[in-house]
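Here the structure is laid out as structure tokens; the discussion comes afterwards.
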Ligand code: PRX
């Protein structure tokens, strides 16, 4: 853990405050700070009673729980453990027989603009039919199913169908490589894969099934029996006899009725791999009951959801945001949501704004990187400026995935929200399952760049390296002191790593988020200052520096050693910078450019294009202490283009710094 103070140098004093209007406060579910404080007080007074009440009110249990929180095997906390429920029934069946059954669940807009709508009743039928297809192919409760799908209704159906039969899904983002898929099939012990022949992005047809074939051809996937292929486009793909079935083949003759399988509240709903500070991604395991409670509740709290809202979360189902705020939260809450297959810049960078107008979107939730790139596009071309679209349907805006800089916040507030819509800057992580620190639209006065205050029941705090609270205004380590229902349960196959990563002894058993943070002196508002471990956040995508280093050094014919650090980037938040020592002499000029490109493509193949280093620098060596430790803080300064002011007296080879400062 590096000192959180290093990232706090960038603290800016933000004086602008945007309180919600009286009308917004009056109409809100959690109305004003009094409403927020009342819930916090309830949680304070009777922590378990608070959560038990919410779990009873928000979820349908086939067997009621009698025990709320079991801390006897901390940090493997259990919530509502003797209760039983089904996640898919809580998203779909619960609406049948209510006016919601004929409501549109999903408005799907394809890459080419074609729009498909599906009601809750129709979605239930299609989920049930696919669940029956899975069962017919031997997929059972407790089995793992890997999902590698484009943003489509079928992606949601695949996830919900797994939940319906008690299978644990593991979605892999469609931009990850065959190698990443291979590792995840093996780690999860997946029995089936659900994929598509191709995906459509920006007018291009990109292969998905071919990547699955490549992954499975690597061998070692002994548990894998079936591959289900959704035919997204008419183009044929390779099909392996006996193993692969198209959706049409798998669904033929299957009933649209499939009773949901009740599972214990702690049953793993899904595993989602994310980057940590070692080379190997972590399979974050989430529960059924606690996770779903939070997905539903934060729809109501953070987004103040109303029956007539049109909700749009732009995240891909391959990330946690797409799990909680596409597949589970909106459906559990009975919302109508937009799902978009394509990319924000196709056919032009006004696509998001045009879609908001077209579908009368009222709650729009996206990432700062998307906002920053659309600002740039709008500033360069008035035709794609949000002012060209009618955005009057919007009532709430959201931001997620990385810190939003105040300039981008102000632009979003003014040009997208018309200075009328509160922005909820939601801080959370794959591990937290849902929002943990966020403004409430009808309560919290907003400060640009701040995620403001923890949700009721979330005991977020900032502590020093021994777990003691620090004063407001001083930076420190972000922790959550008590468990909460949607927290990570363990790392799949690696409980020891779970304990070590998230509950280090020196922090008194608190959950360690891995971010630095500071609370404002006046309001006690939280501002996230960035990761304090070796995790990078590039365009809101999380990546481990060690993961990229391992990928680089696995090019054994060329690379001797590599060190990867992040540096600030105006557009992507952070950019990846790699320092590489080759097994041959240090290249310069054109040759250096060519090898750098070769290495970028290698990393794309090993991990995925999102992990490609922006900068690659070559050296005869890396800056190391006499004991051989790479001095990363020096590399961070070099990557930023800063003069080296740190103490370099322990450095074995100071001359190397000049060499590494040269860009290709
Ligand atoms: O560093 C924080 C940043 O994203 C990390 C979590 O990444 P991931 O697990 O991929 O989940 C992203 C979507 C929830 C955090 O440790 N982060 C997320 N939201 C914010 C943020 N940083 C600042 N402000 C946020 N609102």
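Note that Cβ sites are derived from N, Cα and C of the backbone, with glycine treated the same way.
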- Given that TrEMBL records 401, 402, 403, 425, 426, 427, 428, 429, 430, 531, 542 as binding ATP, the matching residue among 381, 515, 557, 569 is 515
- Item | DSSP-derived class (H/G/I helix, E/B strand, else coil) of residue 430 (ATP binding site) | helix
- Note on the structure: Its residues classified by DSSP, the domain 'Acetyl-coenzyme A synthetase N-terminal' (36-91) shows 27 helix, 7 strand, 22 coil
- Of 428, 539, 553, 559, binding-site residues neighbouring ligand 1, Cβ under 6 A: 428
- Query: What is the total of other Cβ atoms whose distance to the Cβ of residue 531 (ATP binding site) is within 10 Å?
  - Reply: 22
- Show which residues of the chain containing residue 559 (Mg(2+) binding site), separated from it by at least 6 in sequence, have their CB under 8 Å from its CB. 552, 553, 580, 581, 582, 583, 599
- Task: Run through the domain 'AMP-binding enzyme C-terminal' (547-629) and tell me, per DSSP, how many residues are helix, strand and coil.
- Result: 28 helix, 27 strand, 28 coil
